[in-house]
């Protein structure tokens, strides 16, 4: 069996500097103060690296970013946040070489807990060898590592025992690449795929569909400083935007949005408002953020009620449009939707939850059973600093984070109302109609359709099925605890 051992930083990942990943752990697992503190010690880390004491600098980064943090929280960030940033930095040429071998081992100077999930699930590695964090008996990281970082090569030897790895991939100047000397062949960046690689049945890295965390961009030192400087201004700007939006009539919102730096791009022709005996139109939208129904109402110039489920009471309070909270009991929800459609237009997001990546989750078929007046609407958005969705955090902050971005941009594309022959009236099943709407919306946005559901998302990111208690936060926490260890169901 042919084997490959590859360094992660600077080889499988283009960037050899792991600083931004520790910044992500500091921000997402602990908060803004630790994030700022790690940025303050960054010049010291750089100085130590210049003096040839890079391992000491690495230990300082590890200590500052995780000391006192629960191990479970570090694991959650490694599962839900880091894979997206690792994937964005993948060197595909190195991956092509790495993927050609039967036995794959990743070597990293980053603590193993921060890398293992990504390496095994997305890079299909068999083993990850890295430093091990010390954890006290209460489950909190001490900030120290169990073994000397420089001894990683000894652990590679111990893993392979008497076997000699076929190929080693790594940088010539890296202390973590000492394992190369025990390999039969040594390859260094940049990589050029050889003939063997070209004939190998190459499988691309498994894409990251679900990810969490508030930061949009990798927190390099310069970006982290920019985020810290922007935060006070962003909070003020978000407060003004939300306050003005609640006070002024809906028809003024597009102009106010431009004044305060936002933009709404509209494509297609929206249908006219309901009149006479006609029941309302059901707008079926892709779900990108909690702002989707609000932006749709702004574009149409009238308040369209939105079907909701797992949004916070705070979001409902500050919402400028009516909301219809569902129960997830099919017959009850069907009656609610029918009554609202009799009164006028209604917005529904059949994915049931948001997805940040260019994928659409499976559409619930309930909407197709209740009306034939279906108008698909493709929603998408762009932000610069902060994501406006969360699976692990407090959803009540989602609209605030959206408006904290310097220039949030929304794109709204109206598709034509479904013809009768494409609805259940022509004999099609509700699932066929829902799948058809999903496909045409995905084609409009250039996204891919998936069979993943909201439960899949929350089990990946938060360890629960995404059920939200409508009574209290305490009830929600109890449900999370009770369901945290349920097996992942595909």
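Using the three backbone atoms N, Cα and C, a Cβ is placed for every residue, glycine included.
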Given ranges 149-173, 174-198, 199-223, 224-248, the stretch to which TrEMBL attaches the annotation transmembrane segment: 224-248
The annotated transmembrane segment range in TrEMBL, which must be one of 20-51, 52-83: 20-51
Intrachain residues whose Cβ lies under 8 Å of the transmembrane segment (20-51), provided they are six or more past its termini: 57-58, 60-62, 64-66, 68-69, 73-74, 76-78, 81-82, 85-86, 110, 114, 212-215, 218-221, 224-225, 228, 231
DSSP residue counts for the domain 'Phospholipid/glycerol acyltransferase' (281-382), split into helix, strand and coil: 34 helix, 24 strand, 44 coil
Outside the transmembrane segment (224-248), six or more residues from its ends: residues with CB under 8 Å to it: 23, 32, 35-36, 39, 215, 256, 260-262, 318, 320, 385-386, 399-406
